[in-house]
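This report concerns only the one structure given below.
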Amino acid sequence: MQIVLATHNPHKVAEFHGIVRDTRPDLEVIGYDGPEPVEDGVTFAQNALIKARAASAHTGLAALADDSGICVDVLGGAPGIFSAYWAGQKKDAVANLELLLDQLHDIADPHRTAHFLSTIALVLPDGREFTVEGVWPGRLAHAASGQGGFGYDPIFIPDEQPTDVERSVGEFSAAEKQAHSHRSRAFEALGPLLAQL
Ligand code: ITT
């Protein structure tokens, strides 16, 4: 089955290719460079559907989109759907991460809880639509560490760690991130739906 990956974020593309290769090698994932719709939804699910619908309409194929972000409890769930441009419209990952660290500078560890959330939308050419979610709980570090991953990875410390040494996702290998991430968890939840197609 062919499926268009409706994202313009190359890090998401790489992660999805890894996930699909290791869990559903029968799927043929196709890149998408068509028009980017305005993401004016107020939830992750609405935005994921907006992106998947646009790509399915443009290509005539099944389309999968991820809308994701980091949700910080002490900020009432922000940045949430605004994660990509928390420090302004430029989608500057370093500025986003620094602003979030600033906003939490006097918050002690027990109150730095957060989670990554990924909502995946699957839109089929016949109009059927599905959304699933994956959550990755953890807390925010006090400073960035590591060069791996993207976005907020260098300041996110998952509760569940792959080794005895506590690290941020920025210090994880790609395989370690894939084994635990919100995106992998959402894709896993999509499994039963994909199996019916
Ligand atoms: P597309 O809409 O083209 O898919 P995007 O990056 O704009 O790309 P989103 O609107 O879903 O996608 O915003 C997701 C943002 O949330 C992303 O830019 C990061 O800032 C953050 N984020 C999501 N998943 C992440 C991850 O695995 N690691 C670090 N940060 C992540």
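Each residue, glycine too, has its Cβ placed from N, Cα and C.
Residues annotated as active site, proton acceptor in TrEMBL: ASP67. Cβ-based neighbour count (10 Å, all protein chains) for ASP67 (active site, proton acceptor) stands at 26.
Annotation for ASP153 (substrate binding site): spatial neighbours GLY146, SER168, VAL169, GLY170, PHE172, LYS177, criterion Cβ-Cβ under 8 Å with sequence separation of six or more. Annotation note: ASP153 (substrate binding site) sits in a helical segment as assigned by DSSP. Under the heading substrate binding site, TrEMBL lists THR7, HIS8, ASN9, PRO10, HIS11, LYS12, SER68, PHE150, GLY151, TYR152, ASP153, LYS177, HIS182, ARG183.
The DSSP secondary structure for ASP67 (active site, proton acceptor) is strand. Residues or ranges marked as Mg(2+) binding site by TrEMBL: ASP67.
Across the structure, ASN9 (substrate binding site) and ASP67 (active site, proton acceptor) are spaced 11 Å apart at their Cα atoms.
The binding-site residues THR7, ASN9, SER68 differ in how many other CB atoms lie within 10 Å of their CB, and the one with the most is SER68. Counting every protein chain shown, 24 other Cβ atoms lie within 10 Å of the Cβ of HIS182 (substrate binding site). Proximity of the binding-site residues THR7, HIS11, GLY151 to ligand 1, judged by a Cβ distance under 6 angstroms to any of its atoms, singles out THR7, GLY151 in sequence order. Secondary structure at HIS182 (substrate binding site), as computed by DSSP, is helix.
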